[in-house]
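As structure tokens, the structure follows; a few thoughts come after it.
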Amino acid sequence: MDKLIYLGEALTLTNLMLAFCGVAAGIVIGALPGLSATMAVAVLVPFTFAMDPASGLIVLGAIYNGAIYGGSYSAILVNTPGTPSAIATTFDGFPMARRGDGALAVSLATLASVVGGLVGALMLMFLAPPLAQVALAFGPPEYFWLAVFGLTLISALSVGNLLKGMIGACLGLILSMVGVAVIGADVRFTMGSQTLIGGIDIVAGLIGLYCIPVLIDLVATRDPHLKVATNSGFRLAESLAIASRQKFNMVRSAVIGTVVGILPGAGGSVASLVSYAEARRASKTPENFGKGEPGGIIATEAANNATVGGGFIPTLVLGIPGTPPDAVILGALFVQGIKTGPGLFSEQGGIVYTFIFGLLIGTILMLPVGLMVGRYAYKSIIAIPKAALVPTIAFMTVVGSFAIHNNLHDTAVMLALGIVGWVLNRAGYAPSPIVLGLVLGQIAEQGFVQSYLIGNAQGNVLGMFFGRPISLAIVAFAVIALFYPIVSGAISKRRISPTNATVESRSAK
Amino acid sequence: MKSLFRGALLGAGLSLAAVAGIAQEYPSKQVNYIIPFNAGGESDIAARLQQPVFERLTGQNMVIQYMAGAGGAQAWSQLNGMEADGYTVMGTNLPHIILQPMAQDVGYTTDDISNVYFFQYTPDALLVPADSQFQTLEDFVTYATENPGAVTVAGSATNSANHVATVRLNELAGINTTYIPFSGTAPTMTALLGNQVQAAFSYTTAAIQQGDAVRVLAVAADERVPSFPDVPTFGEAGYDMVGGAYRGVGVPSATPEEVRTQISDALDAVNKDPEFIQKMEDGGFVVIDVPYSEVPSFMDERRAEYENVAPLMGIESTN
């Protein structure tokens with residue numbers, strides 16, 4: 001309870017104002033694809049030098065939280081994840097918006113983000129030192145298997161079309177290899193072009209593969225972008241009802257998000273994909289996932305906002321940034337003269353706990369700010385005529401892809417992938433397997449090669465991959481996620497009509 | 001005669017900056033400082049420490065921008081196309097700008113980069129977890145000699161400063177360790193603290209961040225680093241190894257000579273600021289002063305060193 005005195009310090013009027021502005025600015029930045037949480041934090045850092053350390057940290061935490069949450073807007077309303085963390089939000093968010101449930105989807109995303117953010121921040125406050133050990137228990141083999149687990153989602157995302165899903169994933173994996181390899185420094189698939197030496201940026205890929213096909217279709221068809229809802233408003237009561245039915249999903253996803261957020265190098269995209277896979281597996285109606293299932297949005301949004309708190313665990317306990325924005329914040333702390341590292345919690349407890357309370361306050365503020373901004377965003381997306389909407393979004397894709405690295409190379413990559421994505425879409429290849437391959441390919445590859453190198457040095461390559469308990473647990477989850485739909489389908493079929501099953505098996509002979 | 005006049009003015013150094021209304025005054029407007037990496041890394045932190053001192057000394061803003069990609073190559077390959085008036089400068093890093101073009105075609109050559117000043121380096125540091133069996137560098141070398149190939153050393157990326165350090169120590173000590181590249185300093189340190197690897201080559205800056213959780217066996221500096229007074233240099237242990245990641249500032253190639261000298265002078269003044277030096281040393285950086293006039297000999301020296309080590313790393317010169 002001694003921590004509560006810091007709540008008072010965090011709750012000053014200035015800090016509340018800062019957190020409010022930070023959340024609002026973060027939401028807008030996060031909603032614009034290409035403008036990332038890292039960038040938002042980096043731009044803001046110089047301004048925080050004029051504030052006292054705790055206020056500076058509060059505004060940085062608020063903008064970070066807001067940006068991760070804001071990514072869900074564009075995912076739901078334009079089928080383009082504003083940040084990589086919101087990739088899985090497009091799976092169900094956009095179908096919901098299409099059928100006129102956009103307001104409901106935004107409200108659900110808001111509720112889930114707030115709960116996820118709170119769970120992450122509370123775990124940071126109470127369990128940070130023991131949880132930091134999780135980051136250390138994860139070695140290269142665990143990263144490899146975690147990425148493989150994420151890839152198993154492809155089987156779930158391409159029900160009835162597994163072959164095309166696999167081909168898409170392979171294309172994504174090849175795209176993830178473009179450029180100079182981290183391990184070995186081999187130059188791969190650049191076709192002699194210097195544009196591609198840096199590889200294909202994930203955000204450029206996201207904007208291209210998700211947004212450009214939507215734009216082309218908007219121009220090519222007469223249909224309105226989103227079906228206009230008959231009942232307007234927040235649909236908050238309905239969201240609350242759904243959320244309370246899904247409370248177990250929400251908390252499980254938030255815990256997964258926190259734990260994955262702790263792992264440096266995994267991040268919000270992996271967290272939301274893994275919890276999406278788990279939500280689908282545990283759901284009674286897995287067949288609805290990908291077609292506008294509210295549980296899908298809840299899982300991804302709870303998970304990605306939980307990574308904010310989770311990412312701060314190694315940052316503050318070990319001095320190792322959990323996510324790229326954490327690296328910027330760590331640098332800011334250093335420039336301010338605060339010594340980070342293992343001693344931070346004990347030596348600078350005042351600042352740390354004021355910051356965590358600030359993070360909690362910022363998360364709660366996301367509820368009103370988010371509902372308001374979200375409603376406005378939804379309304380304007382429906383209200384703007386297509387003739388104005390298309391050029392606006394097209395303009396944003398160019399600005400966003402340029403802003404990633406202040407570089408036109410990424411814009412070129414975005415446009416090229418957009419056209420390829422549209423053609424593939426027409427041929428029945430969904431963008432998500434490609435994106436999954438692109439996002440997870442690097443993690444899988446690095447984990448695999450590192451595990452192999454270490455295993456080789458120890459003379460035990462097989463033991464490296466299959467002899468570690470955490471690895472085996474992840475493998476088990478991956479296998480369950482992969483085969484559960486088939487197995488559970490077979491079981492329920494047999495239960496319903498054992499005779500039919502026998503007939504089937506007989507006729508199969 | 002005119003150039004002589006300019007030279008005399010420059011000779012007067014920064015006192016010039018105080019004299020108002022002279023055409024050669026630099027800087028007379030905001031300076032854009034491009035960092036070819038993401039925010040939060042060593043290059044960014046050092047730039048952020050330079051920024052306030054530069055602004056205080058010159059009265060002009062310094063704006064830091066990021067242009068990350070391909071380990072810096074994306075930005076460096078575009079440097080010469082930028083405005084060459086001295087108000088766009090870019091961070092440059094060694095060994096990157098020497099090893100990258102040596103290993104492959106990255107869109108620039110080492111000579112394309114016009115460095116005007118090198119202001120600091122982060123010495124290589126050999127780190128082990130606090131509970132490691134290796135108490136000293138000698139323990140490490142002895143064990144590695146007895147178990148060739150079995151000792152795993154983590155580091156950030158291939159053909160990087162960490163990779164160079166591992167290869168050089170292998171060569172100098174006659175040992176064979178296995179280098180495991182990670183995608184950055186953060187995952188490298190995570191692997192080290194989690195005992196996934198037995199040691200890591202990183203920088204003094206990273207060692208400071210981890211505090212008591214790691215033990216520094218040796219640092220690759222000329223003399224002991226102020227923030228690690230008890231840690232020997234590799235030289236003390238008998239290995240002639242001084243190096244790390246050097247950071248400087250470059251300009252587009254069309255930038256006039258006198259402007260380059262002016263930038264160098266301005267950065268030199270920052271480097272002499274006691275408060276700046278203190279903050280840099282607290283962070284584990286080693287401040288060095290390599291002004292524009294000394295850049296060619298400094299580069300030659302570094303280049304010769306990396307050319308020696310490159311074949312050992314499997315880099316075949318493309319030239």
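Note that Cβ sites are derived from N, Cα and C of the backbone, with glycine treated the same way.
Fair warning: this is a prediction, and the values are worked out from it, not measured in the lab.
Residues or ranges marked as transmembrane segment in TrEMBL: A:12-33 (among others).
On the 0 to 100 pLDDT scale, the domain 'DUF112' (A:16-436) averages 88 in this prediction. The domain 'DUF112' annotation in TrEMBL covers A:16-436.
Away from its own ends, the transmembrane segment (A:103-128) comes close to residues 3, 65, 68-69, 72-73, 76-77, 89, 92-93, 96-97, 229, 232-236, 238-240, 242-243, 250-251, 253-255, 257-258, 261, 294, 297-310, 312-313, 316-317, 345, 353, 356, 359-360, 362-364, 366-367, 370-371, 374-375, 377-378 of its chain (Cβ-Cβ under 8 Å, at least six residues beyond either end). As annotated by TrEMBL, transmembrane segment applies to A:103-128 (among others).
Positions annotated as transmembrane segment by TrEMBL: A:143-163 (among others).
If you look up TrEMBL, you'll see A:170-190 (among others) marked as transmembrane segment.
According to TrEMBL, the feature transmembrane segment maps to A:196-220 (among others).
What TrEMBL records for A:254-277 (among others) is transmembrane segment.
Counting residues 6+ beyond its ends, the transmembrane segment (A:351-374) has Cβ neighbours under 8 Å at 3, 6-7, 9-11, 15-16, 19-20, 22-24, 27-28, 53-54, 57-58, 61-62, 65-66, 69-70, 73, 103, 106-107, 109-111, 113-114, 117-118, 121-122, 124-125, 234, 236, 305, 308-309, 312, 316, 338, 344-345 in the same chain. The transmembrane segment annotation in TrEMBL covers A:351-374 (among others).
Among the features that TrEMBL reports, transmembrane segment is placed at A:386-405 (among others).
Same-chain residues lying 6 or more positions outside the transmembrane segment (A:411-427) and placing a CB less than 8 Å from one of its CB atoms are 168, 175, 195-196, 200-201, 204-205, 207-213, 215-217, 397-398, 401-402, 434. According to TrEMBL, the feature transmembrane segment maps to A:411-427 (among others).
Feature annotation from TrEMBL assigns transmembrane segment to A:434-454 (among others).
What TrEMBL records for A:466-487 (among others) is transmembrane segment. Within its own chain, the transmembrane segment (A:466-487) has Cβ neighbours under 8 Å at 137-139, 141-142, 145-146, 148-149, 152-153, 155-156, 159, 277-278, 280-281, 286, 460, counting only residues six or more beyond its boundaries.
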Q) Among A:143-163, A:196-220, A:434-454, which stretch has the highest count of C-beta pairs below 8 Å with the transmembrane segment (A:12-33)? A) A:196-220
Q. Per the 3+ Cβ pairs under 8 Å rule, pairs at least 6 apart in sequence, do the transmembrane segment (A:386-405) and the transmembrane segment (A:196-220) touch?
A. yes
**Q.** Outside the transmembrane segment (A:434-454), six or more residues from its ends: residues with CB under 8 Å to it
**A.** 84, 87, 139-148, 150-151, 153-154, 157, 168-177, 181-184, 200, 202, 205-206, 209-210, 265-266, 269-270, 273, 421, 424, 461, 464-465
**Q.** Non-local residues, at least 6 beyond the ends, that sit with Cβ under 8 Å of the transmembrane segment (A:196-220)
**A.** 33-34, 36, 78-81, 83-84, 87, 90, 175-176, 178-180, 187, 189-190, 269, 386, 389-390, 393-394, 397, 400-401, 404-405, 409-411, 413-422, 425, 431, 434-435, 438-439
